[in-house]
């Protein structure tokens with residue numbers, strides 16, 4: 001098999017543009033009295049598995065794509081063996097490189113009729129073996145996409161016909177609520193333990209809060225409270241930022257001045273007067289708020305706003321505990337420790353003195369803590385003889401000598417075993433110590449709540465009554 005160049009067909013006779021590539025026909029070496037049967041589809045259309053128009057002067061697809069339209073010998077009928085086909089393919093490639101193909105021919109009418117009626121060569125698996133390397137080169141040149149087939153038809157705005165782009169599949173639902181004023185978009189937060197190393201303003205601003213973050217005001221539950229999951233948070237979950245906090249030793253807080261700035265909404269001079277000098281990271285928040293609100297109505301999430309969000313989140317956390325029916329004393333004591341630790345951090349910054357909103361929310365949180373203690377002590381009272389547990393664990397399998405209620409099982413120091421009376425006394429001490437912490441918080445909140453009668457008085461009475469009940473029962 002070899003390339004046999006034939007004469008050009010005049011463009012005027014074929015009525016084709018002069019820019020079209022010449023047609024090549026592949027036929028075997030030597031003369032044969034039997035007429036040659038050609039494929040009904042050119043090699044380009046056959047390799048791309050598309051319908052070929054079948055013009056011997058060049059099919060429509062090759063003319064549109066400026067390809068060289070080549071028709072091969074039809075392999076219908078008796079074919080040579082595997083070894084002969086392999087040798088013939090190598091010889092065909094060598095002769096094609098030595099003898100350039102620059103001419104085309106028009107077959108007679110009889111052979112043309114045979115080409116158009118012959119359809120079996122399209123599905124013949126042996127027909128591509130003779131020209132394996134030729135078809136491989138054509139496959140590399142054949143475009144598969146719509147943009148590559150018709151580059152002039154595509155426009156810059158027609159990027160994709162699919163409305164759901166690949167990147168859109170990974171957009172979280174909270175990101176669809178476009179809110180540039182959301183403080184969660186300007187501060188990074190995660191449910192992992194915070195790293196107290198310093199961060200730059202750029203790093204803090206570009207970090208995005210994941211869905212379900214702690215302080216996102218839009219991530220509020222929409223289902224009824226009993227159906228909400230129990231929030232097992234820790235103290236680090238309440239920190240709104242990872243910036244080190246300095247102690248309250250720089251004098252009284254400075255009152256805020258109204259927002260005013262001619263350029264971008266922020267400057268070094270205005271930042272000093274805008275926020276309190278005792279809250280260094282609140283000034284950072286105001287700077288981020290100015291950067292995100294350039295060109296829009298000023299809306300700042302300052303330190304006071306952040307504090308109210310934190311207090312509201314604490315109240316929500318404790319309400320889930322109450323609605324979830326948490327009565328195990330170990331869980332109640334751990335919840336009290338976590339919550340009071342965060343409340344103490346807020347009080348140390350003096351945030352409850354700047355406005356009554358924060359103080360009232362903290363008072364509600366203390367009331368919820370006392371409610372948890374009352375339910376836990378009532379559930380685990382010594383009079384409940386059929387329940388002997390600590391933290392909700394059944395201790396009936398440990399022995400019949402457990403007459404107390406919510407006691408500490410098998411507590412010892414090395415070989416020294418602590419008896420039941422000592423365990424009850426230890427439990428009483430731990431409960432009273434946690435309640436004394438609530439009394440300390442109420443003492444700090446009393447001056448910040450300008451109400452008469454002060455609601456802290458009634459809550460302190462409840463705490464003292466609960467402490468007396470615990471001491472008398474043990």
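Glycine is treated like the rest: Cβ placed from N, Cα and C.
In Swiss-Prot, the annotation region 'Disordered' applies to 177-206, one of the ranges 177-206, 207-236.
Annotated range for DNA-binding region in Swiss-Prot, selecting from 14-41, 42-69: 42-69. On the 0 to 100 pLDDT scale, the DNA-binding region (42-69) averages 91 in the predicted structure. Helix first, then strand, then coil: DSSP counts for the DNA-binding region (42-69) stand at 12 helix, 0 strand, 16 coil.
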